[in-house]
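Below is one structure, written out as structure tokens; comments come after it.
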Amino acid sequence: MIMAKELEVTGYLEHCKLAQELNGIIWYRILLAWSFLACFFATYAQSSFILNKILRLRFQGNMTFLLFAYFTTSALFSLVSTGGFGWRNAASLFSTNCDLLIDREIFIWYHLSSLVMMTMQMLIPLGFSIERIVAFNNAGHYEHRRTKLGPLIFLLLTVVDGLIIYGVFHTEKFTGPFVSLILVPSSTALYFNIYYIALLLIQIFNMVIIIVLMRLMKQKPRKRVQILENASDFIFHISSYHIFFAGCYVFFGLLARYCGPLLFEKVVHYTAARATFCSIPTYNLIIVIIGMGKLKKMEEGKKKRVLKEISMSAVGKSGMANYNKIYRQLWEV
């Protein structure tokens, strides 16, 4: 019994030493600060993007709802991460030794909430594909349907994600000690990695579906599928960047976890490599710029079509009526 307690104390002190050494690595501190800044600015940028762009999209209501859910989930993740990384950066400045270890309640609160939002952000694009398939099969009258499918898909995906996260962590005791907010406990790390890799494969499968649908749309009358093409082009653009950054997170995370002992001589450097988390915060920041750029390009394309496709069939009031009619048809999509 005494030996067990001595081993427990020794293990705790070793974690204290590891936390102190980790705090002394400059590049780790810089990347930790970047994660905070990226999440801080992403929270504001995404909130503004949702209010000023997403809610004003002229896409069909179901796709608009799913995009709203996607970017809202991303904004909430950035908000939670701002609090988590902000606290961690402050602790690294004013704490030493065992004070650098993360409180169990703080770790559980941040860890589970951020993982749920991060995985939901990966899962919602599956809803994009489902909605696109339904939209394609009902092209011509789908845009007049009420917004029911989008909320239903989102609710279903939320339940699925919640059940899987519960299945991964329901036996986890979170005994600690914890030196990083993002390191998944070793007893559940394998299962979570499998789930996240599966989500990445789902993302890639979604991209294939969208590419196929976009090619099939070109075979249909343009007027019937114009609104579908615009929305599909936008989500394809967004999803491609998400796959890249999520793929970086998976690749470098697995590389650090399973090849770290071969790449780093010291445990602290191995831990620092695993505890570095920049790809998803960076994505959440730049996706706003990418999204705004894509929407601006789409608007410019509409203006060019207005100038190219509108032909005055008459002069005077009749001609102006023809102009206004075609102009509205183009901008409604």
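Placement of Cβ uses the backbone N, Cα and C atoms for every residue, glycine included.
The annotation transmembrane segment is assigned in TrEMBL to 26-45 (among others). Residues 74-75, 78-79, 81-82, 85-86, 88-89, 92, 272, 275-278, 281-282, 284-285, 288-289 of the same chain lie 6+ residues outside the transmembrane segment (26-45) yet bring a C-beta within less than 8 angstroms of a C-beta in it.
Marked as transmembrane segment by TrEMBL: 65-87 (among others).
Residues or ranges marked as transmembrane segment in TrEMBL: 107-128 (among others).
Note on the transmembrane segment (149-169): residues 61-66, 69, 112, 115-116, 119-120, 123-124, 126-127, 130-131, 134, 188, 191-192, 195 of its chain, located 6 or more positions outside it, place their CB under 8 angstroms from a CB of the stretch. Here TrEMBL flags 149-169 (among others) as transmembrane segment.
Outside the transmembrane segment (189-213) by six or more residues, the chain places 115, 119, 122-123, 125-126, 128-129, 132-133, 136, 164, 167-168, 228, 232, 235-236, 239-240, 242-243, 246-247, 250, 253-254, 257 with a CB less than 8 A from a CB of the stretch. According to TrEMBL, the transmembrane segment annotation covers 189-213 (among others).
As annotated by TrEMBL, transmembrane segment applies to 234-252 (among others). Long-range contacts of the transmembrane segment (234-252) within the same chain: residues 59, 63, 67, 70, 121-122, 125, 128, 132, 193, 196-197, 199-200, 203-204, 206-207, 210-211, 214, 277, 279-280, 282-283, 286-287, 290-291, 294-295, 298, each at least 6 residues beyond the stretch ends and with a Cβ under 8 Å from a Cβ of the stretch.
Long-range Cβ contacts of the transmembrane segment (272-295) within its own chain (Cβ-Cβ under 8 Å, at least 6 residues beyond either end) map to 22, 25, 27-28, 31, 34-35, 38-39, 41-42, 45-46, 48-49, 53, 71, 74-75, 77-78, 81, 85, 118, 179-180, 182-183, 233-234, 237-238, 241-242, 245-246, 248-249, 252-253, 256-257, 260, 263-264. Feature annotation from TrEMBL assigns transmembrane segment to 272-295 (among others).
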Long-range environment of the transmembrane segment (65-87) - Cβ separation under 8 angstroms, sequence gap at least 6: 32, 35-36, 39-40, 42-43, 46-47, 49-50, 54-55, 57, 59, 106, 110, 113-114, 117-118, 120-121, 124-125, 127-128, 131, 147, 150-151, 153-154, 181, 234-235, 238, 280-281, 284-285, 287, 291
Spatial neighbours of the transmembrane segment (107-128) far in sequence, C-beta under 8 Å, 6+ residues away: 63, 66, 69-70, 73-74, 76-77, 80-81, 83-84, 150, 153-154, 157-158, 160-162, 164-165, 169, 174, 176, 178, 181-182, 184, 192, 195-196, 199-200, 202-203, 206, 210, 235, 239, 242, 246, 280
